[in-house]
């Protein structure tokens, strides 16, 4: 028995020993084959000697993919003189080249990837890119790898261009050190390239029939890292300038170079939005870049048109970075580096109100007008653009003098519009006070149309009181009759005297009839007896700009009057004259004292809104050629004529290419 057990054990041990020897031999053979395969790869011998088996297999698969890709028709057509330039390509590029398969595997990366990410070429080739990008960017990359399908039935090629931003892992620090992959940070890369489909060369099967393979889908990208503004050297050159914005893209700082390249002074841009100086056709693309900036921290815009001060535009590209100066979102700001691609083009084309001096939305300079800019008596005002309906109130003239000849203080468009009204009122108006010795700053000659323009009846209805004051009071009293109202169902009364949204067109009285025996309710006047303060000539208020000057605002009643609404009006009637004076002081301009003469009411204007002041189109009674183009650009006129070029008499020029400025129009103001 013992001898049998010993023989069985010896046989088992011999088998195990033979199995271990066979496994050791197979592993040695595999290692030898893998190292031979590693030396076959196009790497330096010192690099391939330190590769493990998994890396050798990964790099071999990637090499076979690139070999098939390079054997395709388009890749195989390489000029004889192209090889010496391969080393210069990487030096000229500010990024690295990356080739992705349809599954997202990195088939190839250029050698200079380590300068931008800190990871070597061998560490990335063959891996899936989804393991190295931010989780929030994986869906965007998957959409870029998917071929876009066209919905048209015609055979139209799908767009192959791709441009997006990715956040990849980077082991580089700001001081140039390399960290571990577990401590890597995110770095924003601007990726641009094309989706390619290459047909491999046809191969013949053993049966003799050609074996066709599906085309190879790959995404060829150039990835450029966006530099941080703090790493830029101070001299940016004449073709670039720096600016800082708030999170809503309003200028908080701008470099002085903006005056040389675009004609703006830094003070003109402070507080203005950057969107106001971008061409309307490029605003959508810039808005997408700003959205990427706020979500990823850095972004690079495409080539867009930045509007110049005196007309025209400059082709520009911007690198933007969100910089945090402390804790909280309020301490964040956006620093932009603008690179100019061209000089000023199309200098005669005005594309925005910011490019005109008279329609500029920047704050007015508070100071005395210079002797050169002060108009002289007899000068005319030429406004070829949007109509300007303005009525100035010189402080040196009395109310009676203004009422006697109001057309002297109207713009030409306003005189044409109010011509029939002013003619009819000037016959009845008699000045009670002689004219002051001081003449107005801009007297204008009257130019009235012979016929009644269209819409004058509506203007007469808005600008004049068609009924007497007593008739208006009668209608309001009837509307508030106690027999027709249920006081328990009424909301508390709130005074609307200070509501700036009310105007004369919304306060027209309704057609009620006053019953017999009704007692009229006493009314307070719309104008209170306050003398106007002395104002500077540059700060003349516009008539109708103060809602308290509206002749149609509801007036307060007398607390002693017997009114059915006395219980609901206690809070309004309890206001003192001191509160009213405080409201006037908050406005900054005290309304002038109104003359008790009823014949002056024909010259009071209702509150003009901004849309009414900037109404586009020709003035009533004027002729305009409908074939005269506003702009010589192939773009929709959705912005309206009031926001486009107001110069219809100048010869427009055809816009040049974005990178070929014409001679004569390439000088910046």
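Placement of Cβ uses the backbone N, Cα and C atoms for every residue, glycine included.
Of all ranges given (77-100, 101-124, 125-148), Swiss-Prot attaches the label region 'Nuclear localization signal' to 77-100. Per Swiss-Prot, the 4-hydroxyproline annotation among the candidates 406, 492 falls on 492.
According to Swiss-Prot, of the residues 53, 250, 288, 467, 467 is the one noted as ubiquitin cross-link. Model confidence over the motif 'LRRLL' (414-418) stands at 76, taken as the mean pLDDT rounded to a whole number. With DSSP classes pooled into helix, strand and coil, the tally for the motif 'LRRLL' (414-418) is 4 helix, 0 strand, 1 coil.
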